[in-house]
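What TrEMBL records for this protein:
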- B:7-35: transmembrane segment (TRANSMEM)
- B:41-63: transmembrane segment (TRANSMEM)
- B:70-90: transmembrane segment (TRANSMEM)
- B:102-122: transmembrane segment (TRANSMEM)
- B:143-165: transmembrane segment (TRANSMEM)
- B:197-219: transmembrane segment (TRANSMEM)
- B:231-256: transmembrane segment (TRANSMEM)
- B:268-289: transmembrane segment (TRANSMEM)
Amino acid sequence: MASLVDKTAVAAAPGLRGLPFTLVLIAIGVAIFAIGRWYNNSYAFFMAYVVAQYIVLGTAWNILGGYTGYVNFGVTAFFAIGAYSTVVLHKLIPAMPLPVMILIGGSLAGLVGIGTGYLTLRLRGVFFSIATLALAVVVQTLITNWDFVGGARGAYVLRPRVAPLIGGEYVQYLFLLMLGMCVIVLATARAIERSALGYGFAAIRDDEAAAEASGVPTLRLKLIATGLSGGFMGMAGAPLPFYVTYLDPASGFSLNYAVNAIAMPLIGGTGSWLGPVIGAVLVGGLQEYLRVTISSAVNVLVAGVLMVTFVILAPQGIVGLFQKRKR
Amino acid sequence: MDGSANLLINAIVSGLLLGGFYAAVSVGIAISFGLLDIVNIAHPAFILLGSYAAFVGNTVFGIDPILSSVIALPVFYLLGMLSYQVYYVAFERRDDQSLRGLSFFFGLLFITEVVLVLTFGVDYRTVQAPYIGPSISLGLFDLPLRLLVPFLVAMVMVVGLQIFLSRTFIGRAVQAVAQDQGALRLMAADPVKIKRIAFGLSIATAALAGACLIIIQPVEPSIGREYIGRVFAIVVLGGLGSFPGMVIAAMTLGIAESLTATFFGPSWAPAVAFGILLITLAVRPSGILGR
């Protein structure tokens, strides 16, 4: 945990742009993984995987929600599309390497995002939000009625005992892949923030009519954001079947994923790539602590209560609190 | 008579009755989203609270479920006024409805669900009443009282609210808020106060709708989510804020779902609302009776 916080401190230093930033992220990722290998505790890997997964999910949500202001409540739909595409691919071609499955799952989820966006993003933002809420229900209905992936009964996926390439337990491999996705999604988010794309997103968020009038191609930008955001969510979901080994619609579409993915950026701060990371590390860590010490019912409540508290009392999140102090 | 025709007629009749109940579920959203422009996605959570209020009144005190929700009405009204006050101070006044306001209601939805799970568990809960079970047979089709009673309650509620909105001073003020807040302020009326009353009313409808829900089907904390797609599909299809449009849309959805459940299986029914919602948004976002 501490090393993840260090990472943000290092990367926030001025003068790092693009490639150096990515290299620093990779170096931090390698360092975290090396520490994990040295510590060699499988519980630590299982827990770190969850936090890394939420960094990806939270950042993915923030690319659309935080940067353009369009709220996606259907996180579970995209996440589950990734997870279930792995179930299907694993059944069809058992030998397919997991990174390929992640790419396919991510592409599928991204396409669904673009499709939903194309139908609803021309209207006011709330209609998109409502459509995503309904999308989660509809994808769940489809999966529940699809016998090939186990239907309502769920599907079992055998986790290989030994990790490919790196050796050791398979969860280490899952964690390494999730770390890699963290690097990709964070580098993408930061690159967007500093590019013309990011300024276009911000213009949409602040005043869409004015942006449209000034020649910003709003629909195209919104579709890019929705596609990227949905795609990253699908990627985050793709390794899930191997992580849980048993996947049924009720757990794959658990509202917890959606609440966490939305709560973490809002708690950390939606303005920059740093916010979702802080939110995921703090809330993810806190939830894991509460799950172990109190109960699993209380730990899911935490994200919801914290989210409501933060949106009312600290709308700019933790990052905003610190920025205010600096001024 | 041919069996499948009989099946068809029964499916349409139960769809109509179900649609009446859907109108009761959606009328709160028609007020909050349609008239006040508050996207209260937590409304289904309030409906579930209503179901559990009826459940407690029925099992603990032995009162009729609808009567217990009538008793709970004032509490729900106050709860609604309180929610609006928080929403106004934290989001509407800051002009931050879209991102954080929506997330606020999403958080409320989730918190209510988890609290209900912690209080009542995840088991399905039912209520007891003399009209659950028997049905009136009218030759061609059956009228199950379990569906007929909620249908009647819903119609009384929707018609009553329509009369309230069009005939009384406060009701007209609510419609004025929907049209032009600034003008209302110039008439020396406080739009925030009017909206607080209207939002209180919209949450109060959830108490009755909740009682209808638990009469129609057993209830567990997470089924509220199924209703999010439904209520918004109905309100959008009906043309935001139009009550007659909403009732027509609710019956359309009820029949469509009932036919889907009869001919394709009940597990497909939740997808119908989403299809209708997407088509409406893509083809005619102003709804069938839109302004």
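Glycine residues also receive a Cβ, built from the backbone N, Cα and C atoms like all the rest.
Keep in mind that TrEMBL annotations are predicted by a computer and have not been checked by a curator.
Between the transmembrane segment (B:231-256) and the transmembrane segment (B:143-165) there are 3 or more Cβ pairs closer than 8 Å, counting only residues 6 or more apart in sequence, so the two stretches are in contact. Counting same-chain residues at least six beyond the ends of the transmembrane segment (B:41-63), those with a Cβ under 8 angstroms from any Cβ of the stretch are 25, 28-29, 32, 69, 71-72, 75-76, 79-80, 102, 105-106, 108-109, 112-113, 116, 119-120, 125-129, 202-203, 206-211, 213-215, 219, 221, 223-225, 227-228, 231-232. Same-chain residues lying 6 or more positions outside the transmembrane segment (B:197-219) and placing a CB less than 8 Å from one of its CB atoms are 18, 21, 24-25, 27-29, 31-32, 35-36, 38, 40, 43, 46-55, 65-66, 68-70, 72-81, 83-84, 87, 124-127, 129, 131-132, 146-147, 149-150, 153-154, 157, 161, 170, 174, 177. Within its own chain, the transmembrane segment (B:102-122) is flanked in space by residues 39-42, 44-46, 48-49, 52, 55, 83, 86-87, 90-91, 220-222, 224-225, which lie at least six positions past its ends and keep a Cβ under 8 Å from the stretch.
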